[in-house]
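*Asks:* Here TrEMBL flags A:9-27, A:101-121, A:133-166, A:186-203, A:246-270, A:290-313 as transmembrane segment. TrEMBL lists A:97-313 with the feature domain 'ABC transmembrane type-1'.
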Amino acid sequence: MSGFLTRRILYGLMLMLGVVVLNFLLIRLAPGDPAVVIAGEMGGATEEMLESIREEYGLNEPVLVQLGIYLGNVIRGDLGESFFFNQPVAGLIAQRIGPTILLVITAQLLSILLGVFLGVLAARKPGGLMSAFVSVFATIGYAVPVFWTGIMLIILFASVFPIFPVEGMASVKLRDAPWYVQWADIAHHLILPAFTLAIIYLAQYARLSRASMLEVLGSDYIRTARAKGAAERTVLFRHALRNAALPILTVAGLQFGNLISGALLVETVFNWPGMGRLAFDSILRRDYPTIMGVLFFASAMVVVANILTDLSYRLADPRLRGRT
Amino acid sequence: MSLLEIEDLRVTFSTRHGVVTALDGVSLSLEAGETLAVVGESGCGKSITALSTMGLIPMPPGRIAGGAIRLAGEDLTRASDARLRAMRGAEIAMIFQEPMTSLNPVFTVGHQIAEAILLHQTVSRDQAWRDAVALLDRVGIPSPDARARDYPHQLSGGMRQRVMIAMAVSCRPKVLIADEPTTALDVTVQAQIFDLLNEIQHDFGAAVLLITHDMGAVSEMADRVAVMYAGRVIETGQADDVLDHSRHPYTQGLIDCIPSVDHGGALREIPGVVPPLHLLGAGCAFAERCDHARDQCRSAKPGLRETGGHLAACHGAAEGWL
């Protein structure tokens, strides 16, 4: 078990290294010169000023030398300084990673719990009304782009039923309230963005768990459970769901990366103060160190999520334990 | 009154070919402590009979279209779902054909046996676990303490079937249904499982309904036998009487199929296959495969009639031209 974990963590670190190198090269392949953008912020510049900016930020070196310097810094824990904010990238991200993790984890839990619940209900009667509803809902949820859902929800809850805040993460007027009031306020702000982000995945999990449950419900050990006299709820949620969980876990692990990129859009639509907003701004400004830093943390989150997925497999299925 | 009485049971299924009759007036009875073997080829309705008794026919597409299943006088076809759940596993328990797939892969075998106990008895979890270990010991599993913590994939097929038997007898059921309990096991293990079933029946005093296609198993286990074909019982009586003096050509065919060192040469078979249920005509369902069939056999279904000490459903046997 610990051997398995060590190996997975080593793979994860190697993967991160590959991701950093690829990101570095890809960003430099994209058109646009950060020196021009920085100069533009200062109100225009001559060729000599651009040259001195390039000199100052180390943009004159050959790309591979720049990569070497960057990797050396990253290994020492230094993600560099933002061209635009003139602050250490690590600090910028530290301010914003919390809200992103909160949003992504809430959306992930919401989509899995609700999706699996709907899927199980649908699988109970494959020809029934619930089953048809899940199929239709899954198709719509899958087809609708996340920014559109976000905008529709904003319209619905900003003007038609103004019960949820549609912007930001906390109310300014509650800045001095006790902590539990502030937490409740954050939860209130979280509902719409989390639901927007969750809805695509919720639909997928519903469809997937319906299919997975239908397969499991036809198996011999389910008949055995019924023959023991187990109640239908026990059969569904204990005997069947544990077995149907593996494909759901697989997809949940794979989808985590997509969820983070979805968070970028949702944060932009709802003005959620997370990493997505930071990524969006820094891409527009060719702020290389910040983009790299955001991507570094996003890929770290994906790698951690995948390790957790592998661990949860072993919890769910005893046949996988003892394998490395 | 018999312990278990199945009377004129009709079960139908809605299929693409319309409604087919899987059981067409099946009557069986089982006395306390005895073993009744239900014999026939695949698709003859023997498993459907067992599942109907357990109330485990998926409905829809299945439907009990008529008849009764009486357990100590109580008609199970009219019982509520809650009553059926309370009955299943406690009063009638079942051992299935496929030990490899009949145990849940994500729970330990001890847990699965303890669950059966906890469903029907008011005992503590610890007590249920201790009972489960004792049952594993009783069905001949070595170091039951350790094996109880094993998952099904860590046990062999024979071991898993022993676990299934332990689970089935955990609440001392009055009726134990064994649906081809040895089909998936190799021959030496088959003999051990039959021996175990005999012992368990002796210890626990359960009546056994043994579903099988193996006439060898019948002679080893059964007091009485019912031979089924295409959803009907076609011959029934004391096991040795039916085996030694079978009257129905189909039963004779099954007995001739028992491989024997005396026969020498090739294994025998009954030519043809069981007709699809939706294509059954008005006559005897076996007529197409029967060497002795006459016009009468193709136009009228024979009923069960007393012939030579037991019941057989054959025009020829009843009228003496066979």
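One is the number of the first residue shown, and numbering goes on along the chain from there.
Just so you know, glycine gets a Cβ as well, placed from its N, Cα and C.
In TrEMBL, annotation is done automatically, which means it is predicted and not curated.
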*Asks:* Using Cβ atoms and a strict cutoff of less than 8 Å, what residues sit near the transmembrane segment (A:101-121) while being 6 or more residues removed from its termini?
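*Replies:* Residues packing against the transmembrane segment (A:101-121) from afar: 130, 134, 137, 186, 190, 193-195, 197-213, 236-237, 240-241, 248, 252, 256, 259-260, 262-263, 266-267, 272, 274, 301.
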*Asks:* Thinking of Cβ pairs under 8 Å, which stretch from A:133-166, A:186-203, A:246-270, A:290-313 has the most of them with the transmembrane segment (A:9-27)?
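*Replies:* Checked against A:133-166, A:186-203, A:246-270, A:290-313; highest Cβ contact count belongs to A:290-313.
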*Asks:* For the transmembrane segment (A:246-270), give me same-chain residues lying six or more residues beyond its boundaries with a C-beta closer than 8 angstroms to one of its C-beta atoms, as numbers and ranges.
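*Replies:* That would be 99-100, 103-104, 107-108, 112, 116, 146-147, 150-151, 154, 166-168, 192-193, 196-197, 200-201, 204-205, 208-209, 212, 276-277, 279-280, 298, 301-302, 305-306, 308-310, 312-313, 316-317.
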